[in-house]
Amino acid sequence: MSDRNPLIDADRRVDEDNTLRPQTLDDFVGQAAARANLKVFIEAAKVRGEALDHVLFVGPPGLGKTTLAQIMAKELGVNFRSTSGPVIAKAGDLAALLTNLEERDVLFIDEIHRLSPAVEEILYPAMEDFQLDLIIGEGPAARSVKIDLAKFTLVAATTRLGLLTTPLRDRFGIPTRLNFYTVEELEYIVRRGARIMQMGISPDGALEVARRSRGTPRIAGRLLRRVRDFALVAGADVIDRKIADEALSRLEVDNRGLDQLDRRYLNIIARNFGGGPVGIETIAAGLSEPRDAIEDIIEPYLIQQGFLQRTPRGRVLTAVAWQHLGLPAPAEIIQQSQYGLFMEDE
C-alpha cells in the first residue's frame, strides 16, 4: 500500500487546480527561456499565416506542460484538443482525432512516450506530410488509402525523453525542456493563488508554502488549498508562517518539501543498504512502488536537491541526505561527496 501523500503527488490531476492556471504567456511564471522562445515561434507562425511547428515538452510532472499547450492555442487563436498516449489504443483512435482537426489547430498528447508502436507509425506521415496512410481490409483485398489532413500543430509532453524513439523525437521542430521552479517563482505563484482564492497570505507564509512545494507549481497550488483549509478552521484571516508550518507539518511535508514516501526512500537506502549503491528494482520492491513512479516522481527532485546520485552501480545517498535524515554518514560517502568521485548514470 502506497504511503505517498496525494496532496503532493505531482502525478495526479485535480480539476480544481484549473482556476489557478495562467491564461497567457505573460501571466505564466517561470521557465523564462522557454517562454521567450515560444513567444518568438508563435509570433512568427502568425506572421507567416502557417501552423506552428510541432512542439515537445520534456520535464517532470506538474511543471506546466499542459498549461503551456493550452496557452499556445489561445495565443495562436486556434482550437485546442487534448488526449494522452495510453488513451490512443489503436491506429483508428488516432485517425479519428487527426481527421477532426481544423487548420492550424493544436493537438496535445500527454505521456507521448506511452504510444504503442503501431500508433506511432501512423503519426510519422501525419506530422511530416500531414497525411494519414491507412491499410483498409485484410489479405489480398487490403489496400492503402491516403487521407489529407489539415495542417496542425502537435504539442506533446513526456517525462521520459529516453523512451521516445529517434524517428519520433526528430520530428519535433521545437523541443523544450522544463525545469524545476525557484523558490522565488513559487512564492509569486502562491501569492497569486491566494489572491485568486481571496485568502490573505503574509510574505513569510507564502515563502513557507513555496519552500515545501518541491519546485513544482501544481504542488504549490495543492498545498496552498490545504493550508487555506487549516487557516479557515482556525479562524485566521491571513496565512502566516506559523499557520503554514503547522499545516504542512500535519500533512507530513518537511522543510525541504519531502513527504513520507521520499523519506522512506532515503531511509531504505540508508538503513538497509548503508547508503548504497543499490539498484532501482530493489528500491521499488522495498517501497512497493512501480519503478516508473520512482524514476518520474521521487528521484528527479531528490537528485536536483542534492540528496541522491545515480551511478553506474546504483543509487547512492549524498552527505546532504544523511544530514537531513539525522544519521551519521559513512566516511567514504563524505569523502566521495567532497571530491565528486561519483559519475552520473546516463
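Keep in mind that glycine also has a Cβ here, set from the backbone N, Cα and C atoms.
Note that the structure is predicted; figures quoted are calculated from it, not measured.
Annotated region 'Large ATPase domain (RuvB-L)' per Swiss-Prot: 1-181, in sequence order, evidence recorded as sequence analysis.
Taken from Swiss-Prot, the feature ATP binding site covers Leu20, Arg21, Gly62, Lys65, Thr66, Thr67, Glu128, Asp129, Phe130, Arg171, Tyr181, Arg218, and the record attributes it to sequence analysis. Gly62 (ATP binding site) is surrounded by 29 other CB atoms, counting those within 10 A of its CB over all protein chains shown. Secondary structure at Gly62 (ATP binding site), taken from DSSP and collapsed to helix, strand or coil, is coil.
For Thr66 (ATP binding site), the same-chain residues 6+ apart in sequence whose C-beta sits under 8 angstroms from its C-beta are Ser82, Phe108, Asp110, Ala157. For Thr66, the entry in Swiss-Prot reads Mg(2+) binding site.
According to Swiss-Prot, the feature region 'Small ATPAse domain (RuvB-S)' maps to 182-252.
For the region 'Head domain (RuvB-H)' (255-346), the model's pLDDT averages out at 81. Look at Swiss-Prot and you will find 255-346 tagged as region 'Head domain (RuvB-H)'.
Among the features that Swiss-Prot reports, DNA binding site is placed at Arg291, Arg310, Arg315, with the record citing sequence analysis. The Cβ of Arg310 (DNA binding site) has 20 other Cβ atoms within 10 Å, all protein chains considered. DSSP assigns Arg310 (DNA binding site) to a strand.
Each residue in the region 'Head domain (RuvB-H)' (255-346) gets a DSSP state, and the totals come to 52 helix, 9 strand, 31 coil.
The distance from the Cα of Arg291 (DNA binding site) to the Cα of Phe130 (ATP binding site) comes to 36 Å. With Arg291, Arg310, Arg315 listed as the residues that bind DNA, the site has a largest C-alpha separation of 14 Å. The highest number of surrounding Cβ atoms within 10 Å, among the binding-site residues Arg291, Arg315, is found at Arg315. Cα of Gly62 (ATP binding site) to Cα of Arg310 (DNA binding site): a distance of 23 Å.
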